[in-house]
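A.B. asks: Would you mind keeping the following structure in view while I ask a few things?
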Ligand SMILES: Nc1ncnc2c1ncn2[C@@H]1O[C@H](COP(=O)(O)OP(=O)(O)O)[C@@H](O)[C@H]1O
Ligand SMILES: O=C(O)C1=C[C@@H](OP(=O)(O)O)[C@@H](O)[C@H](O)C1
Ligand SMILES: [Mg+2]
């Protein structure tokens, strides 16, 4: 594997933050969670930022935050809504290998016990299933590698990511 960043994208509660932290520890790389960068930039929890800005401005603010990232040899966990911005995704593609952390809707809805307090970029009248169906093709489109977490432990999924990346990147300079 080369030393570009590893960037995790996917639905809320799919495991980006959990896996990112573990993967960074394994590789002895730094870990960056863009949700924490948002909170640090705005000085408030995500839900408050989301409520204050409204949906469109929140997505725009997240995209701007992403475009400030210029890093090397980090594992980066992104927020679930980053795929709504072409500019942010183009920037991330230039920053490293993008991995789609995929989980079935059934597992996501089981894991998301607090959907109304974690700052979801969900529109009025939209259900969690609508959000899932709208985003799944976007995550798949931007990812170099897709890894499914259903029925796996975080450690097993970390291994699937490192193995998958070593296969997909072995021909790169
Ligand atoms: N294979 C797995 N990989 C990652 N997380 C998992 C897995 N199985 C169960 N989980 C659980 O799912 C939750 C994912 O939450 P989190 O890491 O905050 O997701 P995200 O950052 O994508 O919103 C955690 O509670 C984690 O323990
Ligand atoms: O899916 C979403 O709409 C969001 C997920 C959150 O991050 P996680 O994916 O880490 O939960 C956070 O970025 C933001 O509040 C919006
Ligand atoms: Mg997270």
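Even glycines carry a Cβ here, placed using N, Cα and C.
I grabbed these lines from TrEMBL:
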type: BINDING; residues: 13, 14, 15, 16, 17, 18, 118; note: ATP binding site
type: BINDING; residues: 17; note: Mg(2+) binding site
type: BINDING; residues: 35, 80, 135; note: substrate binding site
A.B. asks: Could you check which of these binding-site residues, 14, 16, 18, 118, sit within 10 Å of residue 80 (substrate binding site), going Cα to Cα?
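C.D. replies: Checking Cα-Cα distances against residue 80 (substrate binding site), the binding-site residues within 10 Å turn out to be 14, 16.
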A.B. asks: Quick one: which of the binding-site residues (15, 18, 135) have their CB closer than 6 Å to ligand 1?
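C.D. replies: Only 15, 18 qualify.
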A.B. asks: Relative to the mean position of the Cβ atoms of 13, 14, 15, 16, 17, 18, 118, the recorded ATP site, which additional same-chain residues have Cβ within 8 Å?
C.D. replies: 10, 12, 19, 77, 101, 111
A.B. asks: List the residues of the same chain that sit at least 6 positions away from residue 18 (ATP binding site) in sequence and have their Cβ under 8 Å from its Cβ, in sequence order, or write 'none'.
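C.D. replies: Same-chain residues close to residue 18 (ATP binding site) (Cβ under 8 Å, separated by 6 or more) are 154.
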A.B. asks: Measuring Cα to Cα, how many Å separate residue 35 (substrate binding site) from residue 16 (ATP binding site)?
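C.D. replies: One finds 11 Å between the Cα atoms of these residues.
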A.B. asks: List the Cα distance (Å, whole number) between residue 13 (ATP binding site) and residue 135 (substrate binding site).
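C.D. replies: Taking the Cα atoms only, residue 13 (ATP binding site) lies 14 Å from residue 135 (substrate binding site).
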A.B. asks: To which of the binding-site residues 14, 17 does the lowest count of other Cβ atoms within 10 Å belong?
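C.D. replies: Minimum Cβ neighbour count within 10 Å, taken over the binding-site residues 14, 17, occurs at 17.
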A.B. asks: Quick check for the class: what is the C-alpha distance, in angstrom and rounded, between residue 118 (ATP binding site) and residue 135 (substrate binding site)?
C.D. replies: 17
A.B. asks: Compute all pairwise C-alpha distances among 13, 14, 15, 16, 17, 18, 118, the residues listed as binding ATP, and give the largest one in whole angstrom.
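C.D. replies: The ATP-binding residues span at most 15 Å between Cα atoms.
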A.B. asks: Let me spell it out: for each of the binding-site residues (16, 118, 135), count the other Cβ atoms within 10 Å of that residue's Cβ, using every protein chain shown. Which one has the most?
C.D. replies: 16
A.B. asks: Rounded to a whole angstrom, what is the largest C-alpha distance between any two of the residues 35, 80, 135 that the record assigns to substrate?
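C.D. replies: Across 35, 80, 135, the two farthest Cα atoms sit 18 Å apart.
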A.B. asks: If you draw a 10 Å sphere around the Cβ of residue 15 (ATP binding site), how many other Cβ atoms fall inside it, taking every protein chain shown into account?
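C.D. replies: A count of 24.
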A.B. asks: Using only C-alpha positions, which one of 14, 16, 17 is spatially nearest residue 135 (substrate binding site)? These are the binding-site residues in the record.
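C.D. replies: Spatially nearest to residue 135 (substrate binding site) by Cα position is 14.
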